[in-house]
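The annotation transmembrane segment is assigned in TrEMBL to 23-42, 62-84, 104-128, 148-164, 170-191, 211-234, 246-265.
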Amino acid sequence: MDPKALADLAKGQTGFAVTPGSFAAMMAVAATWVTYFAALYLNFCDFSRFSPSKESLKKGNLWGLPVNLILFSIVAALTTASAFKVYGEVLLSPGEIAAKFDSVFLALLAMLTFAVATLGINVVANFVSPAYDFSNVAPNKIDFKKGGYIAAGIALVLYPLHPWDNAPAFVNAIGSTMGPLFGIIMVDYYLLRKEQVDVDALYTEDKSGPYFFTSGFNMIAIAAALVGSVFSSFLPIWGPASYDKFAPYGWFLGVLVAGIVYFALNGGKTPHKK
């Protein structure tokens with residue numbers, strides 16, 4: 001495949017105008033990988049709290065993230081290159097490759113593999129966290145199981161809309177929306193509260209509690225998140241064409257801008273009830 005055709009393919013698959021093999025392309029891919037895990041950054045405690053020790057948690061992350069991803073990337077690259085050699089096409093989706101199989105056995109094996117992989121990924125990334133989130137909204141009425149049903153129902157409604165047709169763009173859109181929240185949480189916990197949290201107060205509905213803020217909402221955090229979202233989500237989609245080069249880094253911009261705004265609006269002091 002000639003360089004121009006490859007560049008057009010990259011643009012169509014990612015939405016980013018980059019030259020394949022260039023440093024900019026490598027950075028865009030790396031940024032997308034970081035953004036891919038953005039939602040789990042905010043809900044990691046849903047899993048880490050069940051870890052028997054900090055050491056086992058570190059070991060699990062070491063094998064599950066860098067080691068696993070490096071091996072996964074190597075296999076993906078070799079599979080795509082091999083498929084191009086055999087079929088003469090750049091097939092980026094495993095489903096596209098499986099559709100080329102002449103063997104019924106191989107097709108069934110691929111289908112089973114996809115089913116197991118989809119189940120494993122969705123339970124971890126798309127079921128556990130939203131189930132807990134919904135149950136936290138109304139813990140007296142929604143338990144973990146009901147929260148899971150709600151999450152599954154929303155997924156069924158969204159599926160026909162196919163918002164993930166352009167997978168990298170979809171991942172970046174979701175991740176960049178999470179960026180401002182991550183920035184606010186990091187600044188609040190490490191810089192403003194100095195890692196000191198009143199755990200008991202987190203679970204009270206007492207209006208005089210330190211985390212009740214304004215009618216239960218931290219308006220400064222909301223304002224900072226909105227400002228951060230302008231740079232991480234709004235401008236990459238509806239902004240000027242000159243902003244396109246920053247699109248892959250929406251998550252990082254959201255973290256930085258929202259964190260700075262949140263710190264500034266709080267005057268560098270611990271947030272308190274208003």
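Cβ from N, Cα, C; glycine included.
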Beyond the flanks of the transmembrane segment (211-234) by at least 6 residues, Cβ under 8 Å: 173, 176-177, 179-181, 183-184, 188, 198, 201-202, 250-251, 253-255, 257-259, 261-262, 265-266, 271, 273-274
Long-range environment of the transmembrane segment (148-164) - Cβ separation under 8 angstroms, sequence gap at least 6: 126-127, 130-131, 134, 142, 170
